[in-house]
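J.: Per Swiss-Prot, the features are:
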- GLY12, ALA13, GLY14, TYR15, ALA16, ASN39, LYS40, VAL83, ASP302, ALA319, GLN320, LYS379: FAD binding site (BINDING)
- GLU172: active site (ACT_SITE)
Amino acid sequence: MAQDRKKVLVLGAGYAGLQTVTKLQKELSADEADITLINKNKYHYEATWLHEASAGTLNYEDLIYPIESVIKEDKVKFINAEVTKIDRNAKKVETNHGIYDYDILVVALGFESETFGINGMKDYAFQIENIETARKLSRHIEDKFANYAASKEKDDKDLAILVGGAGFTGIEFLGELTERIPELCNKYGVDQNKVRVTCVEAAPKMLPMFSDELVNYAVNYLEDRGVEFKIATPIVACNEKGFVVKINDQEQQLEAGTAIWAAGVRGSKLMEESFEGVKRGRIVTKQDLTIEGHDDIFVIGDVSAFIPAGEERPLPTTAQIAMQQGEHVAKSIKNILNGQAATDFEYVDRGTVCSLGAHDGVGIVYGRDITGKKAAFMKKVIDTRAVFKIGGVGLAFKKGKF
């Protein structure tokens, strides 16, 4: 009977949460569980495409689709609300639109920008964090070119762009930016030689997940297109002028009209308020993706710190891992509803590709290094597959990269 159905509550409609729900609605009949999905936006956005929307090479509307377009209303109830509290003892979740109880909870609250306490970074630098920040940044960059072209007294700092971080997001954003800049220069009649793009990275190596050969390929590609790198250069502050960096123990001001922070993410701050032992918004899970002392709570995606058996460090936060976790949790929930136990999660690493604009890239696919157009093609395959896994052929045809 309806009142006997277990209540499955999923928090967050990013890669992990939405994969959980769409898999559950395939695995379960309408009378097997009462499934509710809560998300603060009515839409899902492809977070791994934010660098494109931020640079202005992809319209933000191409990143989003309505959540209700991929869920079955007879099996899943969608609540457009923001989670404000998780009460584990009462087995309730509070939101700005009501309180919801659960028998099984899936926490997939996603990421937010992490500035590591750098003074002024939140106030003066643009973030690559969500649809709103992407739209704001892309408009700002174009406005700088337009203002430069229209002003009688030219200020070259309007054409100077600082990017903090040479990790995945920073490099992919730079790749898009090197495609966007020539378009803006042509549109506004700006001399491209006056544009300065500088990437600042505190670590001694960029893209640490890749070999030196792949890193050198990416560096050469971007340097050939005007990007200057300052590696092993910590940013100690951000202000209205740009970044303050430390070089040879001396602080130096780097000036630019645009400063962008792309060097860190963390899990939702709600995690610290809801659970013990949380670091940077992530909690260590057991092998079955539940948390210690709570077999009824699964934690996945950017708020999960999953350490594979025999390893010492948690897996990174990637869309590939999040979607595999979502799929696994859906299967475990089906097991639980059938009186069986949740099973251990095993991650299958299919590879990683870092785009350098639309037509180039570097990556590792099934253990092999790839570069150039082959990498760019694989990136499009990966992006399109993520859409297909959630929304099927129709959504992949509409939103995919082919």
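In case you wondered, yes, glycine gets a Cβ from its N, Cα and C as well.
As the structure is a computational prediction, the values presented were derived from the model and not from experiment.
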J.: Would you mind listing, in sequence order, the residues at least six apart from LYS40 (FAD binding site) in the same chain with a Cβ closer than 8 Å to its Cβ?
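T.: When sequence neighbours closer than 6 are ignored, LYS40 (FAD binding site) has ASN80, ALA81, GLU82, VAL83 within Cβ distance under 8 Å.
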J.: Checking the spread of the FAD site as listed (GLY12, ALA13, GLY14, TYR15, ALA16, ASN39, LYS40, VAL83, ASP302, ALA319, GLN320, LYS379): what is the longest Cα-Cα distance, in whole Å?
T.: 33
J.: What whole-number Å value do you get for the CA-CA distance of GLY12 (FAD binding site) and the residue listed as 'active site'?
T.: 25
J.: With Cβ-Cβ distance below 8 Å and at least 6 positions apart along the chain, what are the contacts of GLY14 (FAD binding site)? List them in sequence order.
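T.: Expected: HIS44, ALA47, ALA108, GLY110, GLY301, ASP302, ALA322.
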J.: Please report the distance from the Cα of the residue listed as 'active site' to the Cα of GLN320 (FAD binding site), rounded to the nearest angstrom.
T.: 17
J.: In the structure shown, with every protein chain counted, which of the recorded positions GLY12, ALA16, GLU172, ASP302 has the densest set of Cβ atoms within 10 angstroms of its Cβ?
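T.: The residue with the densest Cβ neighbourhood is ALA16.
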J.: Provide the number of Cβ atoms within 10 Å of the Cβ of GLN320 (FAD binding site), excluding the reference atom itself.
T.: 20
